[in-house]
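Engineer: From TrEMBL, for reference:
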TRANSMEM  43-64  transmembrane segment
TRANSMEM  103-122  transmembrane segment
TRANSMEM  155-175  transmembrane segment
TRANSMEM  195-216  transmembrane segment
TRANSMEM  228-251  transmembrane segment
TRANSMEM  257-283  transmembrane segment
């Protein structure tokens, strides 16, 4: 009887082994106060909204018409987050307008970004450093005074990358629309709406994966290898794609806007930033956990990853974990 129970336990363990890294990812995400760090990032993201939008529009204005960029940006925000958040973005863009255009607007946005928009990226770096460091705060007592400035300059680089990804998204969307119109006018072929929706979601998914990988590399310290960062980003992008539909449905049915009155739109934006930050940090936790599972099998790595491998390595008598090689 004992032997049968032991065999059954080993079978169950063998079935659950593929999910061990994800359980460990959720555990370390909670241990590192992922929800609290997401709340802090949502606050900094709210404060960084206006200068960030000013810089993005100013940079993209070198290649595309400014009004076209703003209208497409608002349209995409409305499609994903709803009309309340789109109103906030529209108001932030209108309040950030100046008589200067092009290079001057970008220079002003750069100065504002050093004191405003990079704040959310500095908080992101701090959160990722804590996640890579097993939930413990990183000791920066001996850090040079210029370290914070370097962090903000790095944040500037990632914002420029974000602008480049937005440019790619706008170009792909425009090309898809032009191709659809050409096929309808010349070839008399009407592209099915479902096909266009799948293409748009695929492009959005790939851009989200790229953005998540870039943001996870923003922190210092021992990071997972790139392939595991990509795997974690893919998991995060999948959760974001599903979760944004659920959150949009909840916000459309709940009385969030009416409950907070004039501040309802800002509350909705805070919830979206909070949700996105939580998904990003969980994706980073998945990347670290998958990296630790791979090290537990192949015995190479160091630092934080070695400690992860010790937690993921099966105890004596347990079934061996499956290969998580990607």
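Using N, Cα and C of the backbone, Cβ positions are placed for all residues, glycine too.
Could you place the listed features in the three-dimensional structure?
Structural biologist: If one looks beyond the transmembrane segment (228-251) by at least 6 residues along the same chain, the residues whose Cβ comes under 8 Å of a Cβ in the stretch are 80-82, 84, 201, 204-205, 208-210, 212-213, 216-217, 268, 271-272, 275-276, 279-280, 282-288, 290-291, 294, 326.
Within its own chain, the transmembrane segment (257-283) is flanked in space by residues 25-26, 29, 32, 34-35, 37-39, 41-43, 45-46, 49, 81-82, 84-85, 87-88, 124, 127-128, 131, 212, 215-216, 232-233, 235-237, 239-240, 243-244, 247, 251, which lie at least six positions past its ends and keep a Cβ under 8 Å from the stretch.
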